[in-house]
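For reference, TrEMBL has these:
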type: ACT_SITE; residues: 75; note: active site, proton acceptor
type: BINDING; residues: 76, 79, 81, 83, 85, 97; note: Ca(2+) 1 binding site
type: BINDING; residues: 174; note: substrate binding site
type: BINDING; residues: 205, 249, 257; note: Ca(2+) 2 binding site
type: DISULFID; residues: 44-124; note: disulfide bond
type: DISULFID; residues: 77-82; note: disulfide bond
type: DISULFID; residues: 130-325; note: disulfide bond
type: DISULFID; residues: 211-236; note: disulfide bond
type: DOMAIN; residues: 34-329; note: domain 'Plant heme peroxidase family profile'
type: SIGNAL; residues: 1-33; note: signal peptide
type: SITE; residues: 71; note: site 'Transition state stabilizer'
Ligand code: HEM
Ligand SMILES: *[C@@H]1O[C@H](CO)[C@@H](O)[C@H](O)[C@H]1NC(C)=O
Ligand SMILES: *[C@@H]1O[C@H](CO)[C@@H](O)[C@H](O)[C@H]1NC(C)=O
Ligand SMILES: *[C@@H]1O[C@H](CO)[C@@H](O)[C@H](O)[C@H]1NC(C)=O
């Protein structure tokens, strides 16, 4: 009888125990991989207020900077996760992301991030990641321009490499010429729904675009208000002037509001990708809702920003905290060794 029971139960008990240990380990793994809102509460209690004042001061000098900082976080998260890879300068080992198609002649706010980082380093050296600074600066920018607030989850670490090819791959950061189906699948591959996508594109209620990104639309497309198209042609000629700028939302370019969605209903969006949101029922109904329902847009936007900020962060012991957002710690060490050996040889 005893042998019957033991032969029946012992393996099962062992399996059950093994399963619990397994689940426990997974649980611990998940906890350590998760971001949290109070990550710097004891290690750097002034981190958030330091970032906020620096963002506010940059935006008070130039309102568009809020848009540029928001976009930096997007371009970081959509390329191998929110790991500040976008901020790395080129090195002998890799070409960084700054010269990739979506970023070249376009990415802004890098100097502001340097300023924020040096202020944060002076209050808590080596503690706050560049990836978290990007996430907080994006939220503070939206708030400064009149948009919603949300609780930013923290604890991301910084990458030790960057990828030109991943940043240049249109399946990561979509191009404004991409089809609606392509846009939906690009967002879906990052774990973001159609609703997240439409809400996040509401970001185009602030900031500017270059002529090269809307030329075809104003000269050749039919789903555009003709007087709106005409008004843009003066500063965006049919050839030349590629870097001439126009507001993504001409009605209130520095206010984070629902105007972007109202513009879509009137065929007055600057980018073809944005106007395409009118072409499918699922996206149209969200546009229509957000255009007259600021509360819903703001709530969905905040939620979608948190989801975007959760894309593959480096946590625990992966990655590092870079004291200089432009350089990996290894690259900094190399420069320091070089400086020391130069001064020794003098
Ligand atoms: C379908 C996906 C998207 C496409 C095709 C797209 C495309 C663009 C383009 C072409 C520009 C103008 C760049 C230039 O001409 O230099 C731009 C600007 C901008 N984008 Fe997007 N974008 C997308 C999604 C997003 C998302 C998800 C966010 C934020 C969460 C965002 C935030 C911004 C902001 C704030 C600007 C203005 C930046 C500035 O003035 O410096 N975009 N986008
Ligand atoms: C508009 O379309 C015509 C005919 O397809 C083409 O030749 C021209 O280059 C296009 N213009 C722009 C600005 O895309
Ligand atoms: C285009 O926009 C102008 C100016 O807002 C407006 O008067 C006109 O009715 C619009 N045209 C169409 C076809 O919607
Ligand atoms: C927008 O959607 C929200 C949430 O689904 C709903 O409560 C609200 O009534 C809708 N508003 C409009 C104007 O469609």
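If you go along the chain as it appears here, the first residue is 1 and each next one adds 1.
Positions of Cβ are set from backbone N, Cα and C atoms, glycine also.
What TrEMBL annotates, mapped onto the structure for a quick look.
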| residue | record | DSSP (3 states) |
| --- | --- | --- |
| 44 | disulfide bond | coil |
| 76 | Ca(2+) 1 binding site | helix |
| 97 | Ca(2+) 1 binding site | coil |
| 124 | disulfide bond | coil |
| 174 | substrate binding site | coil |
| 236 | disulfide bond | coil |
| 249 | Ca(2+) 2 binding site | coil |
| 257 | Ca(2+) 2 binding site | coil |
Restricting to the domain 'Plant heme peroxidase family profile' (34-329), report the mean pLDDT as a whole number.
98
Which of 76, 83, 97, 249, 257, the listed binding-site residues, has fewest other Cβ atoms within 10 Å:
257
Between residue 124 (disulfide bond) and residue 130 (disulfide bond), what is the CA-CA distance rounded to a whole number of Å?
13
For the recorded Ca(2+) 2 site formed by 205, 249, 257, which further same-chain residues have Cβ atoms within 8 Å of the site's Cβ center?
202, 204, 206, 248, 251, 252, 253, 255, 256, 258, 259, 260, 263
By a simple count of other Cβ atoms within 10 Å, which of 79, 130, 211, 236, 325, the recorded positions in the record, is least packed?
211
Within the set 71, 76, 124, 174, which recorded positions show a CB-to-ligand 1 distance under 6 A?
71, 174
Mind giving me a neighbour count for residue 75 (active site, proton acceptor)? Other Cβ atoms within 10 Å of its Cβ, every protein chain shown.
21
Just name the most isolated of the disulfide-bonded residues 44, 77, 82, 124, going by other Cβ atoms within 10 Å of its Cβ.
124
